[in-house]
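> Below is one structure. I have some questions about it.
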Amino acid sequence: MPDTGANDLPFPDNWRRRDLLELQCLEADEIQTLLDTAQTLKDRTGGGRKRLSLLRGKTCANLFFENSTRTRSSFSLAAKRLGADTLEFSSAGSSVAKGETFVDTAKTIQAMGVDWVVTRHNTPGTPHLLARELDCSVLNAGDGAHEHPTQGLLDMLTIRQHRGRLDGLTVALVGDIAHSRTARSNLWGLRKMGAHVIVCGPPTLVSPRWAEIGFEVAHSLDEILPRCDVLNLLRIQFERQHARFFPSVHEYAALYAMTASRMRRAKENILIMAPGPINRGVEITPEVADGPQSVILEQVTNGIAVRMAALWLLAGAADRQAAGEMTEPTQVSQPQWS
Ligand code: ASP
């Protein structure tokens, strides 16, 4: 895999952050920068297949306290594609089992000379805590049901590649809004970028509070379907549910699964998205998941692009701050619950 030598990327003037914790606290122009940088890096790496040396000499640590297939491997590949080293940590089999705290574990990993800690944890706000405790950059790879910023970014990048814009599109997030961090990152990100966002699902999983803060709330997929440009079908987060939120999976699927017959009532060019893992037959049927309108695997490919962009931008801000070229400190936001 040759280095293409295309290492002359100009650093964007508007980027000052050392951490990527959530989309709720980002400005629209910062999201734009992340998406534009992701697109540039995707193009320059031939779709994420060629190597650049933009981040040579740096190390990215993955600190995962929850399961992951896509996000962990995608962050690792993104770091490697830009020439960085990677360090993999899983709580299973580590000193966490001997009573070491989350922060002590993270500080131990940081002491090995890492530049970014990518963290996933089932407690909302853990990346924010690490950002205050660590000197290196922190990236949130999912904190409970709170946010999953790189998922929101890769979803927006995928929509933008197909539609050329986000502004003015109608995007429905369907399913377990209550427990989905993907939903929250999409909600904040899409709204800042000018999309009309509908949250749709059973009343037990879609709070009316979303309407109070300006999002459209719907409980019937069939009613909203004809006006949607994009459907993002979210998994039921059984691992975060401590009660029964609908009578049976069969009943949920009858009302909210995207099926071939529902596809016939949707816009012809509708985009079908899902963050994965998908549960075939629950939120989506196989013919839709594998059908021509599905961009589910493109989302995975775009995950590498947005993670390359995030790593590069955060490292650039950190280097500029260390060199005294960027004096304004980045504020660590407090996670806000909605
Ligand atoms: N992979 C996504 C997440 O970690 C979505 C999901 O698990 O349903 O949040």
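Heads up, residue numbers simply count up from 1 along the chain you see.
Note that Cβ sites are derived from N, Cα and C of the backbone, with glycine treated the same way.
Note that the structure is predicted; figures quoted are calculated from it, not measured.
According to TrEMBL, the domain 'Aspartate/ornithine carbamoyltransferase carbamoyl-P binding' annotation covers 18-161. Residues or ranges marked as carbamoyl phosphate binding site by TrEMBL: R70, T71, R120, H148, Q151, G276, P277. Marked as L-aspartate binding site by TrEMBL: K98, R181, R235. Per TrEMBL, the feature domain 'Aspartate/ornithine carbamoyltransferase Asp/Orn-binding' maps to 167-313.
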> Using a 10 Å cut-off, grab the number of neighbouring Cβ atoms around the Cβ of R70 (carbamoyl phosphate binding site), all chains included.
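The answer is 16 other Cβ atoms.
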> Please name which of the binding-site residues listed here, K98, R181, R235, is nearest in space to G276 (carbamoyl phosphate binding site), Cα against Cα.
R235
> Taking 10 A as the limit, how many CB atoms besides its own sit near the CB of H148 (carbamoyl phosphate binding site)?
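A 10 Å sphere around the Cβ of H148 (carbamoyl phosphate binding site) contains 27 other Cβ atoms.
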> Take the Cβ of R235 (L-aspartate binding site) and count every other Cβ within 10 Å, whichever protein chain it belongs to.
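A 10 Å sphere around the Cβ of R235 (L-aspartate binding site) contains 20 other Cβ atoms.
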> Taking the Cα atoms as reference points, how far is R235 (L-aspartate binding site) from R70 (carbamoyl phosphate binding site) in Å?
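With the alpha carbons as reference points, the distance is 15 Å.
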> Round to the nearest Å and give the CA-to-CA distance linking T71 (carbamoyl phosphate binding site) with R181 (L-aspartate binding site).
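With distance taken Cα to Cα, R181 (L-aspartate binding site) is 13 Å from T71 (carbamoyl phosphate binding site).
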> Under 6 Å from ligand 1 by C-beta, which of these binding-site residues make it: K98, R120, R235? Sequence order, please.
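Correct list: R235.
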> Among the binding-site residues T71, Q151, whose Cβ has the fewest other Cβ atoms within 10 Å?
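Candidates: the binding-site residues T71, Q151. Fewest Cβ atoms within 10 Å: T71.
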> Restricting to the record's carbamoyl phosphate-binding residues (R70, T71, R120, H148, Q151, G276, P277), give me the longest CA-CA distance in Å as a whole number.
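So the binding residues stretch over 16 Å, Cα to Cα.
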> Could you state the CA-to-CA distance between Q151 (carbamoyl phosphate binding site) and R181 (L-aspartate binding site) to the nearest Å?
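Rounded to a whole number, the Cα-Cα distance is 9 Å.
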> How would DSSP class H148 (carbamoyl phosphate binding site) in three states?
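Assignment for H148 (carbamoyl phosphate binding site) reads coil.
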> For G276 (carbamoyl phosphate binding site), what is the secondary structure by DSSP, using just helix, strand and coil?
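Note: G276 (carbamoyl phosphate binding site) is coil by DSSP, not helix or strand.
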> Looking only at C-alpha atoms, tell me how far R120 (carbamoyl phosphate binding site) is from R181 (L-aspartate binding site), rounded to the nearest Å.
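Between the alpha carbons of R120 (carbamoyl phosphate binding site) and R181 (L-aspartate binding site) there are 11 Å.
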> List the Cα distance (Å, whole number) between H148 (carbamoyl phosphate binding site) and R181 (L-aspartate binding site).
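That comes out at 5 Å between the alpha carbons.
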